[in-house]
Amino acid sequence: MSEIARLFRAREAGILVMLVLFVAVVSLIQPRFFSTETLRIVLLAVPLILVAAMGQMMVLVARHVDLSIGSILGFSAIAAGMVFRDHPELPLFVGFAVGVLSGAALGFVNGLVVTVFKLPSIIVTLGTLSLYRGLLFILSGSKQIDPNDIPEPLIRMAQTSPIDIPWIVIIAFGVAFATWLFLTYSQIGRQIYAIGSNPVAAPLRGIRVMPVTILVFTLSGALAGLAGLIYAARFGYVNPGITGVGFEFTVIAAVVIGGVSINGGVGSVLGTVLGVLLLGSVQVALPILGVSGFWQNAIYGGIILIALVIDRTVRQGGLRGLLARGGA
Amino acid sequence: MLRRNLMLAVALGATLLSGAAYAADPVSIVYIPKNTGNPYFDSIIKGFEDGCKTLGCEFTTVAPASAEATSQIPFVTAQIQRGVNVVAISPNSPDALNQVFDRARAKGTIILSVNSDMPGNETHRDAAILPVDFTKTGPSQVELLGKQIGYEGEIAILSATTDAPDQNVWIAAMKETLEKDPKYAKMKLVTIAYGDDDPQKSTTETEALLANYPNLKGIISPTTVGVAAAAQVVETAKKADKVKVVGLGTPNQMRRFIENGTVEAFQLWSPYNQGLLAANFAVGVKNGTIKNEAGTVFEVPGLGKVTVEKDSVIKTQADLTTFDKTNIADFNF
Amino acid sequence: MTSIDKNPVAPRVIVREAAAPRPRWQVWLIRPEVVTLLLLVIAAIVATRLSPFFADLGFILESSTYYIEFAIVALVLTIVIISGEIDLSPAAQMALSACLFGTAFKAGAPIPVAMGVSLLSGLVMGAFNGFFVTVLRLPSIIVTIGTLILYRGLAQVLAGDKSISGFPGWFVGIDYRMVGIVPVPVLVFIAASILLGLFLGITIYGRQIYQIGTSEIAAIHAGIRVRRIKMGLFIASGLTSSIAGLMVASRLGSVRYDLATGGELTMVLIVMLGGTYIFGGRGSILGTFLAAWLLVIIATGMTVANIAINAQLTIMGLLLIVSIIATNAIYARSQR
């Protein structure tokens, strides 16, 4: 156990070093980057990714993957937006409830199909990626939720709060803290790690794999739903064809950078938060440095591959072990 | 949910019935917007529908899910097969559709490019219906911003993609206006950013503009996604009094910012009239009452006299419409 | 390589014996390919009923050219999946190789040279995937998500958001070249199906691939060069993707970084509809061949009937999930 703890620490320290190095290098090239203004922009860019990343992290720890979160985000944002538009008399929390619950329901369906039929989650969620997008088009009648249909208080959540840090930032870090509590102190939280490290042994240890796995997908969906509301707050409108498209790749990149192993069982909230911050900094730094936005995807893809190799190297005890044991 | 499904089923039924009617006389028109769920094109569709109501033509609309360059091709092929008379389309690419257009026209289908043209590939379509005299967009936007900032200070442009043909025509005109007209001598264009018509990228690009140019006085964003994102960023950063945002936007998208004072004024044209004009032109050409050649003048009810210009280009209106606090309530699109 | 397979019939017999305690007619009928064929017939009937404009062979063949590039790659993907791996990056490979072709052409290279560059890039991209999977032994599912983003990103870096066009007339319009009423890309697909079907069905390599997918450890013990074969499959996938990318370039007469976006979903859908087992070891080229036509009929039928795209997305997603559930169920049945 202590060895694993040390490994965690090593991983997070590594990401922290990368983050610090990145900020330092960018600041050297462009001193303007090192400012409270930049910090503000990064903090505004992060909540959307962070909230969804918490869900995706749990899914990955349980040795699954959820590709449908972009469509779930769009679906929930549209569902909540329609409540705001068609029933402006209802209080804000009703819209939040609709967004989060609809996300949870879609995530539940993912979990159900994956566990009942024992199918690989990547293919199932590739299917629901298309299915949920289609459903959200049908639900919305292909109509956008315009800015004047988004309630003013929701938009203000992306701008301010009593302590001057925008509400969405507070919510996002609150979600991260709650996830940490859940994974560290609850029995189910520990079981998620157990399932991911050894799915065969987990039932022998009395863990009910199926309900726990379904729960993980449901949580991932609910958090993607919450991210949908953050989207509506930050961008001020929801479009059925744009909102959430390609979002899954950003989130998976952030989580994998954060040291969550795609082989399950390994991953921490702190690492994921750092990964999200690193990704958010890259996103903000590119235009400030004047680097063409065209580089963004190539950089994300490259980072994922590098993170994979590092992950493998750590587990194989260095590069030599990695290559030596490769022979078949 | 159930009701939606029922509506879908009814819609399907209606499509089937109308399919059988194509053998009859009325001109059949299909409009293919860039992608589904884009409110701007909903107004064009409304114009088509109303036009066809009075003219008695058959109108349908189909759209791909994404605005990716090739996504419209299967739809055009299917419409040729359905034997429609006119395919009106807002093309996602200036060149990727050339082949399928040629084939459609070989079979007698009229191809109308609506809302934007296909620069360099004009020979592959029959006519283009443009919303406004595009040469006026650039100068008009510069004037709108200049008025608000006292014709002085640093300004930036937030565009869509680097190869969007209309955007580049307008940006070139803006540059020329700023250079040539002494009135704008003290306005300095510092940079052009590209937001790809993606809300997220437009947002980060605008934030970078504010960070990189602390003395920025104004942003021109001649694209509906960009101008809304720019306004949102300026509002969030509480810099609405320091940085003025103008651009091309739809009233529904911009209403909030006009009402809360973030944006003083923006411009656009009438997409609805474009649809109306396109419907009238299509039916006229098909029935032989309008000649599709330069110099032809025809009358559109509600719009007045319209002229077909060189290369079969038709402009819906001459000047841009400016929206501000005084008139925004009159528009809903 | 050949020493272990002196008796090439042996592995097949073992597989069949384990699967055939039931009457012969059942074995024949409850095969995923039969289900695919049945669906194909049903889809054709429904499509004909949905729209009077559908039942026109020329039109269906013409429309098939929009999906046939994906179908060609799906043939190779079938073999990759049978071997127990997956490749999600071919659509991005198509884009990058097509953009490389366009860039080389714009830089002044003659078309054959530009095509060579593109094909070479396919080899390199495939080998890159193969390196991560076979040498570093990382799971292909996540590696190819990474390379999917990377390759598409590189295409964007290379071509920006501009489209590259202006190719000479002889290169443009492969889908307009007909043999009888059959467009050339369809012929390519049919020829590739026959070749790969034979490769998988009657060569030693084909049988080794089934063995690897059924039990990799057993395959290693049987002396099969698992890593080499898998590397070869990834390279073949890359090469096929670049050929498909060139076909798209020819069909459109222009290339852009976002070409074939989301194509991975279509390809996986075709393979799954064809009854290939997602966990490897089972599946056939015949199934994929039939599934490609099933997809063409469904997509074309819905488009010509003016069915809104939202319903199309919904149906495609549902089909993918239902088809893996059905295939899984059939294999579970035949196993015990």
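Here, residue 1 is simply the first one shown, and the rest follow in order.
Just so it is clear, glycine is given a Cβ too, placed from its N, Cα and C backbone atoms.
Feature annotation from TrEMBL assigns transmembrane segment to A:12-29 (among others).
If you look up TrEMBL, you'll see A:41-60 (among others) marked as transmembrane segment. Same-chain residues lying 6 or more positions outside the transmembrane segment (A:41-60) and placing a CB less than 8 Å from one of its CB atoms are 66, 69, 73, 107, 121, 158, 165-166, 168-169, 171-173, 175-176, 179, 183, 192, 196, 216-217, 219-224, 226-227, 230-231, 234, 247, 250-252, 254-256, 258, 260-262, 264, 267, 269, 272-273, 275-277, 279-281, 283-284.
Counting residues 6+ beyond its ends, the transmembrane segment (A:67-84) has Cβ neighbours under 8 Å at 52, 55-56, 90, 94-96, 98-100, 102-103, 106-107, 110, 122, 125-126, 128-133, 135-136, 139-140, 145, 149-151, 154, 220-221, 224-229, 231-232, 238, 240, 243-248, 251 in the same chain. The feature transmembrane segment is assigned by TrEMBL to A:67-84 (among others).
Look at TrEMBL and you will find A:90-115 (among others) tagged as transmembrane segment.
For A:122-145 (among others), the entry in TrEMBL reads transmembrane segment.
What TrEMBL lists as transmembrane segment is A:165-188 (among others). Within the chain, the transmembrane segment (A:165-188) has long-range Cβ neighbours (under 8 A, six or more residues past its boundaries) at 43-44, 46-48, 50-51, 54, 57-58, 61, 156-159, 212, 215, 223, 226, 230, 233-234, 269-270, 272-273.
Taken from TrEMBL, the feature transmembrane segment covers A:209-233 (among others). With a cut-off of 8 Å between Cβ atoms, the residues of this chain six or more beyond the transmembrane segment (A:209-233) that come close are 47-48, 51-52, 54-56, 58-59, 62, 64, 66, 69-70, 72-78, 80-81, 95-96, 99-108, 110-112, 114-116, 121, 145, 150, 154-155, 157-158, 167-168, 171-172, 175, 188, 191-192, 195, 199, 202-203, 243-244.
The transmembrane segment feature in TrEMBL is assigned to A:245-262 (among others).
Summarising the annotation, TrEMBL assigns transmembrane segment to A:269-288 (among others). Sequence-distant contacts of the transmembrane segment (A:269-288) (same chain, six or more residues past either end, CB-CB distance under 8 Å): 8, 11-12, 15-16, 18-19, 22-23, 26, 30, 32-33, 38, 41-42, 45-46, 49-50, 53-54, 57, 173, 176-177, 179-180, 183, 250, 253-260, 295-296, 299-300, 303.
The transmembrane segment annotation in TrEMBL covers A:294-310 (among others). Beyond the transmembrane segment (A:294-310), the same-chain residues lying 6 or more positions past its ends with a Cβ under 8 Å from any Cβ of the stretch are 14, 249-250, 252-253, 256-257, 259, 262, 279, 282-283, 286.
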Chain residues in Cβ proximity to the transmembrane segment (A:245-262) (below 8 Å; excluding those fewer than six residues from its ends, i.e. six or more beyond): 11-12, 14-15, 49, 52-53, 56-57, 60-61, 65-70, 73-74, 129, 133, 268, 271-276, 278-279, 300-301, 303-304, 307-308, 311, 315
For the transmembrane segment (A:12-29), sequence-distant contacts whose Cβ falls under 8 Å of one of its Cβ atoms, 6 or more beyond its ends: 257-259, 268, 270-271, 274-275, 277-278, 281-282, 285, 288-289, 310
